[in-house]
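Undergrad: Encoded as structure tokens, here's the structure I'll be asking about.
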Amino acid sequence: MAAVNEMEKKLAEYKCDTNEAICLKLVRFPEDVEDESTTFHPEFSHQLYGDDEVAFGYKGLQIQLYYSAGNLNTLFKVKYTSRVTDKFDCVEPDDVEGKVRAIIPAGFCCNTDDFVSLLEKEANFRPFGSLQHTYKVHNVEAGEDLTYHIHKVDVSCPGFREYHERLQTFLMWFIETASFIDVDDDRWDFFLVFEKYNKDGETLYATVGYMTVYNYYVYPDKTRPRVSQMLILPPFQGEGHGAQLLETVHRYYCTLAKVQDITAEDPSESYVKLRDFVLVKLCLTLSSFSNEKLSLGFSEEMASEAREKLKINKKHARRVYEILRLRNTDMSDEEKAREFRLEVKKRLFGPYRKNQRELTKMRKCLRPEELASHISQMDTSLQHEELEKSYQDVLADYRRVLERLAQV
């Protein structure tokens, strides 16, 4: 038994957290390759290395995936200080290299010198597609305003397909349920964010992030653009690029008569918060969301104007209304606070109202013991507690949106 425990202890020394082992980098200058401050790590690695996100068989494991900042030419290397050997019976190290090779496109470098030589070609790289929006962000570290461009592109653009194959590898590390898309489908639109910067008098571009949108058909002659994937790369997060990107995408589709409304596929909590902020900002320009009309409650006029002018569906328009209603409500006034609370809870009560309708149907067709079982699962007091919690969560989310709006 002691020998077994000793063996387990020895094997445990060869386990590595893959989120720490994977080292990602956007390289602008040759010195960035050795600069640890430019390295960032995945949020997730389970799609390649399993739910426990552990690789076995190595000590000091480092999986390097370095990309040139613009064109995303790739350097891939695996390093480690030691590896399991034959003295461990029937134990083999995980194929950490093979798993990465399965997701990165061919043509990557395995030699640092070869990769550094490609950086010289970055001056030739130009953003794909058509320019949709230009904006500036003040960078405290640089002490100046940096310029960013958002471009729209489709897969027919020369060189974009290969670039996108490299770009989408980031999804595996930062979107929990990410999957690669079929770019051969011409219903896909791509929106890319780039930073414009100078080096030795030359203008260069660095990849910041991107969004993919699929145009679904809506009978008889409309489309419904659905946001599929959105990612701002970690070195640029927290600078407002996501809001700039989403607003640009909305403004683009608002100009198209064939678009019915804009939706999102399985949106994350962070995306919903971002969308709330962007849609509220856009709806401030609509007459139906004026201060005077907000106090009268959510109206068909709001839903109609939001849909026709901004391609916002009724569900999202209602949420915008509630956020702006909160902004105009003096929550220290008990009566006004009560009116707002009831207005929001009336919407949140929808699922519970459905339960009540189901209960009415059950009374007609279930035996007494079956009915008692279902009623116990639909406890009224518990529903009220859940409703109150939902309201408080929504209120907190709305207040965060308003705080951000106040900073614009």
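Cβ coordinates are placed from backbone N, Cα and C, and glycine is handled just like the others.
Remember, TrEMBL labels are computer predictions, not curated facts.
Quantities reported herein were computed from a predicted structural model and do not represent experimental measurements.
As annotated by TrEMBL, domain 'Histone acetyl transferase HAT1 N-terminal' applies to 14-176. Positions annotated as site 'Interaction with histone H4 N-terminus' by TrEMBL: Trp188. Residues or ranges marked as active site, proton donor/acceptor by TrEMBL: Glu265. The feature domain 'Histone acetyltransferase type B catalytic subunit C-terminal' is assigned by TrEMBL to 275-326.
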Undergrad: Do me a favour and check the Cα-Cα span between Glu265 (active site, proton donor/acceptor) and Trp188 (site 'Interaction with histone H4 N-terminus'); whole Å is fine.
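TA: Given the Cα positions, Glu265 (active site, proton donor/acceptor) is 14 Å from Trp188 (site 'Interaction with histone H4 N-terminus').
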Undergrad: Which whole number is the mean pLDDT over the domain 'Histone acetyl transferase HAT1 N-terminal' (14-176)?
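TA: Looking only at the domain 'Histone acetyl transferase HAT1 N-terminal' (14-176), pLDDT averages out to 94.
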Undergrad: Show which residues of the chain containing Trp188 (site 'Interaction with histone H4 N-terminus'), separated from it by at least 6 in sequence, have their CB under 8 Å from its CB.
TA: Asp154, Val155, Ile181, Thr212, Val213, Tyr214, Asn215
Undergrad: Treating G and I as helix alongside H, and B as strand alongside E, what does DSSP give for the domain 'Histone acetyltransferase type B catalytic subunit C-terminal' (275-326) in helix, strand and coil?
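TA: Each residue of the domain 'Histone acetyltransferase type B catalytic subunit C-terminal' (275-326) counted once, the result is 40 helix, 0 strand, 12 coil.
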Undergrad: What is the Cβ neighbour count of Glu265 (active site, proton donor/acceptor) at a 10 Å cut-off, with all protein chains included?
TA: 13
